[in-house]
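What TrEMBL says about this protein:
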- 475-509: coiled coil (COILED)
- 420-437: compositional bias 'Low complexity' (COMPBIAS)
- 438-447: compositional bias 'Gly residues' (COMPBIAS)
- 524-548: compositional bias 'Low complexity' (COMPBIAS)
- 4-68: domain 'DUF1899' (DOMAIN)
- 416-453: region 'Disordered' (REGION)
- 510-568: region 'Disordered' (REGION)
- 77-119: repeat 'WD' (REPEAT)
- 127-169: repeat 'WD' (REPEAT)
Amino acid sequence: MSFRVVRSSKFRHVYGQALKREQCYDNIRVSKSSWDSTFCAVNPKFLAIIVESAGGGAFIVLPHNKVGRIAADHALVGGHKGPVLDIAWCPHNDNVIASGSEDCVVKVWQIPDGGLSRTLTEPVVDLVYHQRRVGLVLWHPSALNVLLTAGSDNLIVIWNVGTGEVLMRMDCHPDTIYSACWNWDGSQLVTTCKDKKIRILNPRTGEVENEALAHEGSKATRAIFLRHGLIFTTGFNRSSERQYSLRAPDALGDPIVMVELDTSNGVMFPLYDPDTNLIYLCGKGDSVIRYFEVTPEQPFVHYINQFQTPDSQRAIGMMPKRGCDVSTCEVARFYRLNNSGLCQVISMTVPRKSELFQEDLYPDTLADEASLSAEEWASGTDADPQLISLKGGYVSQAQSTTLTVTKKSNVLDKMGPKGGASAASANGSPVTVNNGTTGAGGGGGGSISPASNGAQQQQVAIVGGVSEQQLAELRTKFEEEFRKLKAIIVKHENRIRSLEATVKAVTDRGLTEVDGGGGGGSLLAGSNSTTSTSPAPASSHPPTTTSGDDGGDGQYHHNASHAMEEAV
């Protein structure tokens, strides 16, 4: 007798449940861009959604407690000149978000606690390098202030956001880059490209360590690194059927698993939970969220279930495990936007009767602290991300919520401060910008951290390569020029006032003479005193007007011209 043994898994009964409408977000004008992005980013503090905006690109940032109908004039983050294509929250600072746009610029923003009270247009730093639109922004999992950007110029650029400089530039892709993902410790990158290939890169050297054909279809593909080193991809075959595959990094061309799902045009976004090894597949335009579990047993990727909704999804974001409710055994939370403008909150829960903390469901998860600095990572050091326990609920361990940017010295810094920034940034002293709490426009200003005494003395002695004596001579010269210029201005001002007074006097005298001897003639019409004012008979011709006569008008013009000649 044969029988089938049901696979044992604590996630077999995970189910999704949508929150009530009053606990969701409504009236959101989600972006209509055709770019393949999730258009949504979530962290334990805020929900950010790319929205449709006239005159540029913008996205909305909402605190989680601001549920219900969102006002049409709600404050936006709107400093881009073109539509925003991708946004990503910093994993080590819940108040910092990066955005890429069609205007070729990447901007990093500081969001104040409690959200925005007015539209924010001044970023903490602008990252300018790409020549075409930037469609992908991605933070490093363990190094502080390391940001990856990819654009339609086929370039991948890795930035040190703390200094605004480029750490690495990679141009190994011949066509548009669809996706990129760091591995667990950030020592490798996996990318997918329009040339249908998947590549594993060394992010410090830009070398391609391995590459292979990903999916045979011509539509967009995506790839992610799993926690234990395997690679999960989604794409299309030649018949436009959607597929997913599981691959080993050293054998990219030989998938461990390749499965056809269905026939649809929507690109599937794999959202991964490294704590539970669950993968959620969310397709743009789909009305379902499928979820799978990756295990070492055949067939390695196990289908669990799907969450079905009546409306198709336009954008979707996944909450980090730090923001999930451990008291209800919630293992994932999704923010799903419909075309109608409703953002549904969907909670994925494992049914448990006990109200105690379930340690098997909640192993130590990613913390909001960095393991490395950007300089340490650039020098070749790798480290796993910091982990925290969720027992008793999540408590932030971050010491500061303000992004500090230290500008590197360059020639343009000698031109002086711009946009409220301090000239001290030209010498490498830190410039601390806290958007939303200081400065005009909801956070455009900046507070300057004082430099050390040695740096101040050096700045007094030499500023921008000019000695103090030369500065004093230039100051004296400029003050003399200003004094002469003021004297000239005062002289001409007195002359203008004199001429205005003369013109006024001449005008008054001319009007007086016209009123006294003009016989009621009109200055504008130029008529004389002999013109009849009584109505003429029907058979007679209209009265004629004599121009250039000796009446009041001619006398006025003669007197006015004579007075002007005397004045001049």
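Positions of Cβ are set from backbone N, Cα and C atoms, glycine also.
Automatic prediction, not curation, is the source of TrEMBL annotations.
Small disclaimer: the values here were computed from a predicted structure and weren't measured.
Non-local neighbours of the repeat 'WD' (127-169) in the same chain are 35, 37, 82, 85-92, 98-108, 175-177, 179-182, 184-186, 189, 191, 201, 203-206, 366, 370-378, 382-386, 403-408; each lies 6+ residues outside the stretch with a CB under 8 Å from one of its CB atoms. Residues of the repeat 'WD' (77-119) grouped by DSSP class, helix first, strand second and coil last, total 0 helix, 22 strand, 21 coil.
Residue counts for the repeat 'WD' (127-169) under DSSP, helix first, then strand, then coil, are 0 helix, 25 strand, 18 coil. In the predicted model, the domain 'DUF1899' (4-68) has a mean pLDDT of 90.
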